[in-house]
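Asks: Right, I'll just put the structure down here and ask away after.
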Amino acid sequence: MDTVVFEDVVVDFTLEEWALLNPAQRKLYRDVMLETFKHLASVDNEAQLKASGSISQQDTSGEKLSLKQKIEKFTRKNIWASLLGKNWEEHSVKDKHNTKERHLSRNPRVERPCKSSKGNKRGRTFRKTRNCNRHLRKNCCTSVRRYECSQCGKLFTHSSSLIRHKRAHSGQKLYKCKECGKAFSRPSYLQTHEKTHSGEKPYACQSCGKTFLRSHSLTEHVRTHTGEKPYECGQCGKGFSCPKSFRAHVMMHAGGRPYECKHCGKAFRCQKSFRVHMIMHAGGRPYECKQCGKAYCWATSFQRHVRIHNGEKPYKCGKCGKAFGWPSSLHKHARTHAKKKPVSGGSVGKSSARPRPSTDVKSQTREKVYKCETCGKTYGWSSSLHKHERKHTGEKPVNAASVGKPSGGLCSSKNVRTQIGQKPSKCEKCGKAFSCPKAFQGHVRSHTGKKSCTSK
C-alpha cells in the first residue's frame with residue numbers, strides 16, 4: 001500500500017472558487033485541514049511528513065518531537081502556503097482576516113484568559129499577548145473610569161477621551177480647514193470636511209453609481225433601492241429609512257422642541273432649523289468667495305456660487321445635451337421638449353409671462369402610486385386621481401372653471417354665486433337681490449340718482 005502524504009488529502013481551491021466562500025466556510029476549510037494534519041501526525045509516520053516537506057521530526061537538539069509539538073510548529077510556522085497550494089498566498093491579500101507575516105495561517109486560539117487588577121479571571125481570550133495587554137490597558141474588565149467631567153459628570157477611562165469630551169462643552173475647535181477656515185473639534189471631522197473641497201466621494205452605490213462622502217449616507221441611500229425602513233414609529237407605525245427623519249417624526253408626536261436658543265429662548269424641532277437660527281444671531285457667514293467677496297452660510301450655497309465664476313454646468317439635458325448651472329434652469333429647458341407648454345388660467349389661452357413650475361417634467365419621473373379602482377389608471381398625484389374619478393361619477397364641482405371663466409378675483413365669486421343661486425346683496429328700498437356687489441352698487445345709484453362718472 002502506498003504511503004499517504006499530506007498532498008494526497010489536501011483540497012485546493014482556485015481564486016474564483018475561494019472568492020465564493022464566506023468567512024464561515026473558509027474557517028471550516030482551515031479547521032478540516034488542521035484536523036487532517038493531526039491525524040497524519042498521530043500515525044507518527046516519518047515518511048508521511050517528510051514526503052510533504054512539512055515539518056522536521058526532530059528539533060535542533062536531536063530529540064524527537066511529540067504530537068503536540070508537531071502541531072504547534074505546523075500552525076505557527078509559515079507552512080500553510082507551501083502545503084495548501086498557491087491560493088493561500090494569493091488569497092491572503094483579499095482575506096480580511098490576514099496578518100502581516102502569516103497571510104492566511106490562522107493560529108488556533110491560544111487560551112490567554114484576561115485577568116483584571118484584582119486577579120479575577122474573565123472569559124475572554126486572545127490569540128496574541130499584546131492584544132490581551134491592550135485590552136487590560138483599556139480597563140474594560142475592571143470598569144475603572146478615573147476621569148470624570150466636572151460639568152456633566154460623565155466618566156472616561158483615558159484622559160485623552162476626557163479632553164476631547166470637554167471640547168464639546170467649551171466649544172473649542174483646534175483643527176481648522178485651510179481653504180474655508182472652518183474649525184472642528186476632532187481631526188477626523190476635519191478630514192471628512194476636507195473631502196467636500198476636493199470633491200472626493202469614496203462610497204459609491206452599486207445599483208445606480210451615485211457616490212457619497214460618508215458611509216452612513218450610502219447606507220441610507222441603498223435603502224431607497226431596497227425599500228428597507230428599519231425605523232418604525234411606535235404610535236402610528238410609519239417607517240423611516242433615515243434615523244434623522246425618524247427622530248423628527250417622533251418629536252411631532254411628542255410635541256417637543258429639544259433645540260432651544262440660549263439668546264432668545266426660541267425652540268426648534270429640527271436641528272437644521274436651529275443651526276440656521278443660530279447663524280442669524282452670530283451674523284457669521286463662514287463660506288466667502290475669494291473672487292467677489294460674497295459670503296454664504298452653507299457650503300452648498302457657496303459651491304453653487306463658485307460655479308458662476310468657473311462656468312461649471314453640471315446639470316445636463318438628457319435629450320439635447322445642453323448643460324445648465326442650476327437645476328431650475330434645466331427644468332425650464334426640459335419644458336421645451338415636452339408636448340404641452342404651461343398656460344395661464346386666462347380664457348384667451350395665452351402663455352403666462354412667468355413660467356410655472358415644471359409639472360410636465362416632474363410628472364414623467366414621479367412614481368404613479370394612486371390607482372383608479374374603476375378603470376385601473378394610475379396617477380402620480382392624489383388630486384389628479386380625484387379629477388379622474390369625477391369622469392366616472394359624473395360629479396361637477398362648483399367652481400369658476402365649470403363655466404369657462406378664469407378663477408380668482410371678484411368675477412370668480414360672482415360666477416359661483418350665480419350657479420348656486422346665492423344673492424347676498426339686497427336692496428332695502430325695493431327688495432331686489434343681487435349676486436354681484438358691483439351690480440348691487442349700480443342698482444343703489446339708480447334710486448339716489450347719482451352717476452358713477454360724468455362726461456365732459
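Each residue, glycine too, has its Cβ placed from N, Cα and C.
Since we're looking at a predicted model, the values are computed, not measured.
Pulled from Swiss-Prot, these are the listed features:
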{"type": "COMPBIAS", "residues": "93-114", "note": "compositional bias 'Basic and acidic residues'"}
{"type": "COMPBIAS", "residues": "331-342", "note": "compositional bias 'Basic residues'"}
{"type": "COMPBIAS", "residues": "343-352", "note": "compositional bias 'Low complexity'"}
{"type": "DOMAIN", "residues": "4-77", "note": "domain 'KRAB'"}
{"type": "REGION", "residues": "93-125", "note": "region 'Disordered'"}
{"type": "REGION", "residues": "331-365", "note": "region 'Disordered'"}
{"type": "REGION", "residues": "386-406", "note": "region 'Disordered'"}
{"type": "ZN_FING", "residues": "147-169", "note": "zinc finger"}
{"type": "ZN_FING", "residues": "175-197", "note": "zinc finger"}
{"type": "ZN_FING", "residues": "203-225", "note": "zinc finger"}
{"type": "ZN_FING", "residues": "231-253", "note": "zinc finger"}
{"type": "ZN_FING", "residues": "259-281", "note": "zinc finger"}
{"type": "ZN_FING", "residues": "287-309", "note": "zinc finger"}
{"type": "ZN_FING", "residues": "315-337", "note": "zinc finger"}
{"type": "ZN_FING", "residues": "370-392", "note": "zinc finger"}
{"type": "ZN_FING", "residues": "425-447", "note": "zinc finger"}
Asks: Honestly, do the zinc finger (287-309) and the zinc finger (147-169) touch, with at least three Cβ pairs under 8 Å and pairs 6 or more apart in sequence?
Replies: no
Asks: Taking only the residues in the zinc finger (370-392), give me the average pLDDT of this model.
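Replies: Averaging the confidence scores along the zinc finger (370-392) gives 81.
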Asks: Within the zinc finger (315-337), how many residues are helix, strand or coil going by DSSP?
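Replies: Grouping H, G, I as helix and E, B as strand yields 11 helix, 4 strand, 8 coil.
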